[in-house]
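Notes to accompany the following structure.
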Amino acid sequence: MSRARVLVMNSALGPLDYRVPHGMVVEPGSVVVAPLGPRQLLGIVWEPERMPSDAEVGDNRLRNLMGVLPVPPLADPLRRLIEWTADYYLAPPAAVARMALASTSALEGAKLVTEYRATGEVPPRLTPQREQALERIGIHQGLIRELATIGGVSDAVVRGLVKAGAFEAVEVDIDAPFPLPDPAHGVPALSADQRAAAAALVRDVEAEAFQPTLLDGVTGSGKTEVYFEAIAAAIRAGKQSLVLLPEIALTEPFLKRFAARFGCAPVAWHSGLRQSQRRRAWRQIAEGQALVTVGARSSLFLPYRDLGLIVVDEAHETSFKQEEGVHYHARDVAVMRGKFEGCPVILASATPAIETRQQVANGRYAELKLPGRWGAAEMPAIQPIDLIAEPPERGRWIAPRLVTAIEETLERKEQVLLFLNRRGYAPLTLCRTCGHRFQCPNCTSWMVEHRLTRRLACHHCGHVEPIPRACPECGAENTLVPVGPGVERIADEVKLLFPEAKVAVVTSDTIWSPAKAAEFVARMEAHDIDIIVGTQLVTKGYHFPNLTLVGVIDADLGLEGGDLRASERTFQQIMQVAGRAGRGAKPGHVYLQTHSPNAAVMRALVTGDADAFYAAETESRREAGAPPFGRFAAIVVSSEDLNAAQDTAKAIGRAAPEIEAMHVYGPAPAPLAMLRGRHRFRLLVHARRALDVQDVIRDWLGRLDWPSKVRVVVDVDPYSFL
Ligand code: ADP
Ligand code: ZN
């Protein structure tokens, strides 16, 4: 009698045991169909010793597995990754495993279609149409419809040729193989620094062993060119590579550069794929045919057959942290996948996170540096504009010195980027008569006016309303005034100042798909845009040689809220956006509008002394026992019922274990005290590094119960403190 332990795809259940019926063969990693009550569930066969079950069922009570799906079993390194992720982030293993089975259609295995191709036989007495079809179709193979199009004839003509024996049917897999990238296609001439870094990375790939490396190069130093050489080495070895990007918007420019280097596009994986594209990518990745995948964080859990390299580009980006479902950090999970796969992991960044720098300092990660920009390009000079000493005109947001700089840049026919990390027209709308402010009905947040769409929108839950004519509180008409600037308001100001200039607002409201991003890049390249007014969406990845001026409208914005990474994030964001200036032959200039030019982060940006800034930040983290020297975990309790949420949060707080190496703050109402109609309370756990805080929390929460209308979410290593 053979039994199997199965991780069923239901997060509420633990692993279950089944009988493997006679004639069925399973092994760890096999994807199976298992009965549960009257239903059928997908599941993955697991080693019983690695996934204990608390409900041991006797042999005679086991139900039979119903089938094994025709896909390769999930390999050992992926199963270890799923276990580690579930364990570290306190998530149900099924919720993690589901990310690996990301295409249900692919799990059904190969699907065949009938295509046709020429047999070489030419039937006697050809009609002119048949003759034309034969000639034009030549050696092409395809569906009847496709061949008819190529031949410029009707489907019936092609069918006639099939009957006459000129074409024959062939059964092919609908998931066509991807073109193979060619490492010898567009080999660049590397600078000496680039060559040295590339050689080290190539050696790591050839060693086929786990080795994390920080590729630390200033913006425009050619980090992409350098890690492309490591990818080339992996391709030559017949191994797969994965490149993680922080945002889909960056995919498009990446695909172009990749094609220029390797002669064809890589396989893209992101949430915008159609079902047929997902299916094809998943199957070819699992079969090892897809050699290079570029994707968002979810591509980390795909079933690569033979991974030889992982690259995390813009590795400092906090958008690698997933904030819903399984709260994982893709950068950290990428390193773990490299460890289980036994392959190098490259973290590329111009502004590496303190956590990553610390791993270099303690010798766990190697470091490669690219200290200068490629070619003739120089790093831009950064100058502060003190908004108190040099204020903009009343009701305006751009200081006179920046206005002059824009004017001069436009005269030289160069392009400008104005950066403000605020979507919409104004962050707050209020009634001039009674002071009424517009708040989201579902969240503790102000409604943001969007003039382009003529609506008020909540940026937390997506709630929108029309902008009313009259104040809902006092009824006065036309008394609503916008307070503060968003990108749309800056764009209006720019249009007023430079009526001739072509202005584009670039935010997630205007660039919401890879196609939109491609359109934006094409417009920049055709110089169909003079001035970009954009959010963080334009701060990274893009390379526009004619963009020479960057103006930061409100450099202080990121310091608001003041969580532990606020200064670091401000530094990174402004260095990145400054890095868009002067990437070609023409020098770049950057102006920072700030109310606090003497803040440490502003001084570091202006003097370019990143090392001193990081040293001071690192020291203050060390003193506070903050990450990476200590650890945080947030416990967020939410419910539509305020009292239920509060009571549960208090009960969790009361049950907190007394441990010397750990301190629990709260519960307190979260800064976003209401989100999507749910009241929220937070507890913050602060622990010494050495403490296995996950174990403590698992134990602590495991002893408690709460009503089903209350949700308790644990965020390990939180990045958001809202
Ligand atoms: P980073 O990612 O470090 O900001 P990129 O890889 O985007 O820098 O490189 C900046 C620009 O310089 C790109 O247009 C890139 O094609 C070009 N470049 C860098 N190195 C080389 C090289 N060795 N040969 C040709 N072009 C290069
Ligand atoms: Zn809302």
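Cβ atoms are placed via backbone N, Cα and C, with glycine included.
According to TrEMBL, the features are:
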BINDING   C431, C434, C471, C474  Zn(2+) 1 binding site
BINDING   C440, C443, C458, C461  Zn(2+) 2 binding site
DOMAIN    204-370  domain 'Helicase ATP-binding'
From C440, C443, C458, C461: binding-site residues whose CA lies within 10 A of C471 (Zn(2+) 1 binding site): none
Annotated binding-site residues C431, C434, C474, filtered by Cβ under 6 Å to ligand 2: none
Sequence-distant neighbours of C458 (Zn(2+) 2 binding site) in its chain (C-beta under 8 A, six or more apart): C440, N442, C443, S445, M447, V448, V464
Candidates C431, C434, C474 (binding-site residues) - the one closest to C461 (Zn(2+) 2 binding site) by CA: C431
Lowest local Cβ density (other Cβ within 10 Å) among binding-site residues: C434, C440, C443, C461, C471: C434
Cβ-centroid neighbours of Zn(2+) 1 site C431, C434, C471, C474, 8 Å, sequence order: R432, T433, G435, H436, P472, E473, G475, A476, T479
Shell list (Zn(2+) 2; ref centroid = CB of C440, C443, C458, C461; cutoff 8 A): P441, N442, S445, M447, H459, H460, G462, H463, L675, R676
Binding-site residues: C431, C474 - member with fewest neighbouring CB atoms within 10 Å: C474
In three-state DSSP terms, the structure that C431 (Zn(2+) 1 binding site) belongs to: strand
